[in-house]
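What follows is a set of notes on a single structure, which appears directly below.
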């Protein structure tokens, strides 16, 4: 999922805390807010502005996957106010009774949120969490190194057949999803037959895949890897080198991810957390974040404020017919085991 | 105190001396191990964690048996374990071949140079492992420094090493070489040169001297180094992930996968237990061979 940017950082930043604060002038009663977010998944400028306006000091800890965050909370980590689970993890956390009811949907600015993004089944009205950001997982490639523009997964593997290097994510569900989507199956299938089809499809292409990795950005930039499965945040790098790099959503369809902003039951600063959510509902703040993250926003008013290069970019804000082909992961419970063996098979094969 | 006999006082002192170690090993080694053993026999929880029902299937799954519905017999996990052993053994072998001669060379340097060299060996520990491995990515990739360097020398061999088993091996050897070098160096430095001279005086060929005198005397260092390198190479997961492109899957990566993406803690614990058990077998073999060697030499 969106491990992607965060993974490289995860190793380096594990447990690292960044404290954003403005001056020491207003440092009386230490008003605080502690965020627990994916690495590199919020614009630091947003936090700086929040502190400047409210005097509340913001602490930020990061994680590399939903599971890591959940495991840490289950192991008794406290002190965090806001977390950013993916939709299926939002449901899981609701089932585990970890989330605080915020009534954020009662805030006047909540009307900015497109109701289509209230995806969590456990929270259809947004009484607990609010949609934070979304994006797709597609193909990031180096235009100057491929024989023709890549539009589909077939094109992607054809480059590999021509002797170029291609990489996929080191992510069980994302890789199997490509096999499932290419064969017209749901990415949430629990049918062993569907998974077998996806597994065989991937095994056939396994010799063509150079690596399963999150750290492919420098390799694609240098052209050592010509194309890689990556997420829409790649547009950040495309912007630096638009002549050579690009990101596409494959024609077959793709997966999408969405994270929600949730307050924990154990949050020590619930009032500040709600204040931050309301702050983030403002279109100018949400768009500030989206522009830096180069992903999608559920905030309709913020969308209008985006620069054309992002707003009208079909890779970042795909048209309706492409959007209809995007699939989002559900939590699979115990059926996840079937994915594990298929994935291990795919990774091990030569 | 005056009421205690000498024996009683000794016993008390022994108790006082041993209890910190016992607590340390009990608290930080035995207890976690027992927790892991318990987890490996519990049922996987829906969202990670475990449900406390007896569930021995995780061990069967390692060997290939299907766990639950819709799985087939498949020895994929066993294959990964075997591959990990092969790569770990290769790592030991290569680092041994590098370190052994170098240790001799270093032991002959004068004291200042020697200390400087030892400092150099430990220098990499000052930088984060991740950073150093990223450096290897930059070296090994096709447009990387290695090929540029070869190009400068006029060799146009487009070496394609990144994301291969060779790259994993290079990475592991690179990381663990200090652990091989230091024990070997310690035993080489202790080596009494007069024994070598004596052996040559008595007409032994170079090979015989090496085989019958030098090697046995430095064997403790070799064995210690091999074990210290073998064990962490076997469980390493960061090198296969960064340099192997996660294609060269080793058991460490598999354990990580079970605790995070697959949310199957008992299976991860079972894998880790088996890993530890096999390491234990190696250690026992080592201890036995040592004591047999001592018995042969007629030492107590």
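Any Cβ shown, glycine's included, is placed from N, Cα and C.
Any TrEMBL annotation is an automated prediction that lacks curation.
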From the ranges B:161-186, B:187-212, grab the one TrEMBL calls transmembrane segment. B:161-186
In TrEMBL, of the candidate ranges B:67-86, B:87-106, the one given as transmembrane segment runs B:87-106
Using Cβ distances below 8 Å and needing 3 or more such pairs, separated by at least 6 in sequence, tell me whether the transmembrane segment (B:267-287) contacts the transmembrane segment (B:12-39). yes
Looking only at the recorded stretches B:12-39, B:87-106, B:118-141, B:161-186, which one has the largest tally of CB-CB distances under 8 Å to the transmembrane segment (B:213-231)? B:161-186
The transmembrane segment (B:161-186) versus listed stretches B:12-39, B:87-106, B:118-141: most Cβ pairs under 8 Å: B:87-106
Sequence-remote contacts (6 or more beyond its ends) of the transmembrane segment (B:118-141), Cβ cut-off under 8 Å? 106, 159, 161-162, 167, 170-171, 174-175, 177-178, 181-182, 185, 238-239, 242-243
